[in-house]
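A.B. asks: Next up is a structure, given as structure tokens.
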């Protein structure tokens, strides 16, 4: 009997070792945490069915109360029986997967035992189904509460399952005396082994899941602590100053060798190891970062070659690079570097991903706040334009002069002035208007300007018929046309032409305003739309405001694009196509 106990202990040990190895694989951890899902149920069924079949074929042959052999068996003599760990696998399948898993595993286990044969082999098919039902329905009770059976309860059910098998051997045996002799020999070792094995199996699962839960709790705490300390910085945007403050906090609180943050083209900050050549304000030098910006997906590197730094003395050997997203576009990257590859763990990767998500949200919130401010600024400027004494008095004086000369034209201009004020007010209160309404606004403005300066400029429209209902931000064309009138022609009084072009395809609207003026100075061209540029006729703040609004609403693809030569300037932008019908 003691020899049987030792041999069974070996079989149980094999199953437990395999279970321990599986529970260290992330896929199986996830499966155990989602065991109520159908996909997990089928995976558990296949896993425990393989365990059950293995248990049957690695059993210990017993005949006339003696151990005959412990080799792998495919067939038994008609008078022989077998001691194995089959009941353990069926019971565990039920406790973990519930009745669905247990019944299928029980049938598979019973049929494979029936195939091996031996004395009263059909008995084990019957007992397998009973054991599956009992353990399966108890497992179902715990699944409904999203818990697992305790180790003690597992040990009790394990012993009970083996006791049921002993009872089935006695009840369904053809030779009661032989059955009783068999039960006397195998009952105690098998009940003890099944009870102990079930308890250990459950303890491995429970301890692994508890450790996983504790790890997640620590990660969550770390993420919240870092997020809480970095919260104020990214709300102001992805700048060198905000990036450096955030990187220093992360380096202090996390087990990493270096932290870097970039925008799409440049290193904003790099603190920690390798700071001598990973320098802020310089272009991105690692191939890994360039790949993340290109694909928008997290990337890992586990060697210097994979990082792609061209400095031979770089001490960085491992890295995690996560994209920072704004409105589903890559705005930059968050990079964790390691001088020891073993520090680059799965938990660090998950923590990095969580931080990147939070930082991306903060950047989006910051941009939304900036857009709100820009819209308010645009509204204020628009309202100011309505009561701008210079513009207002010039228009009124022009109309007054025309009253005596051409009263009908004066009446039309007065209506245009009213239309201009009304359109300005409506545009200031809406995020988008149709291209048709924007053109009406432009016409009203041009009518007033042409009345003041007859024949000074000519406006030519090239508008696709499908464009009229496409939605655009207010004042886009008006600002571009007004900019051309004020800055393009300087003191030239004739042959001044402005072309307004709108082209529409299925995905985007292309707006272009082109003039034949004197062009923009080469030293000022890169600054136009990026910042205020002082000149004799203004500061260019309207173009800067418009450009920032377009980028904030639609991304960098919608930014104003300037081309200028000595024979004219072309300003264009590409806006995603949305019609008024789609927005209603």
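Quick reminder: no glycine exception, Cβ is built from N, Cα and C everywhere.
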A.B. asks: For the feature transmembrane segment as recorded in Swiss-Prot, pick the matching range from 87-107, 213-233.
C.D. replies: 87-107
A.B. asks: According to Swiss-Prot, which of these ranges is transmembrane segment: 152-172, 236-256?
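C.D. replies: Swiss-Prot lists transmembrane segment for residues 152-172.
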A.B. asks: Taking 42-62, 63-83 as the choices, which stretch does Swiss-Prot tie to transmembrane segment?
C.D. replies: 42-62
A.B. asks: Swiss-Prot lists transmembrane segment for one of the ranges 2-22, 275-295; which is that range?
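C.D. replies: Based on what Swiss-Prot states, transmembrane segment spans 2-22.
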A.B. asks: Please determine whether the transmembrane segment (2-22) and the transmembrane segment (114-134) are in contact (criterion: at least three Cβ-Cβ distances under 8 Å, sequence separation 6 or more).
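C.D. replies: Judged by the Cβ rule, the two regions do not touch, with the required three close pairs absent.
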A.B. asks: Taking residues 6+ outside the transmembrane segment (152-172), which of them lie with a CB under 8 Å of any CB in it?
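C.D. replies: Residues 87-88, 90-91, 95, 120, 122-124, 126-127, 130-131, 134-135, 138, 179-180, 182-183, 186-187, 190-192, 194-199, 201-202.
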A.B. asks: Using a Cβ-Cβ cut-off of under 8 Å, list the residues of the same chain that are 6+ residues beyond the ends of the transmembrane segment (114-134) and lie near it.
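C.D. replies: Same-chain contacts beyond the flanks: 56-57, 59, 73-82, 86-87, 90-91, 93-94, 99, 102-103, 105-107, 157, 160-161, 164-165, 168-169, 172-175, 178-179, 182.
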A.B. asks: How about long-range neighbours of the transmembrane segment (185-205): same chain, 6 or more residues beyond its ends, C-beta under 8 Å?
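C.D. replies: Residues 1, 4-5, 8-9, 12, 15-16, 19-20, 23, 32, 62, 65, 81, 83, 85, 87-88, 91-92, 95-96, 148-152, 154-159, 161-163, 165-166.
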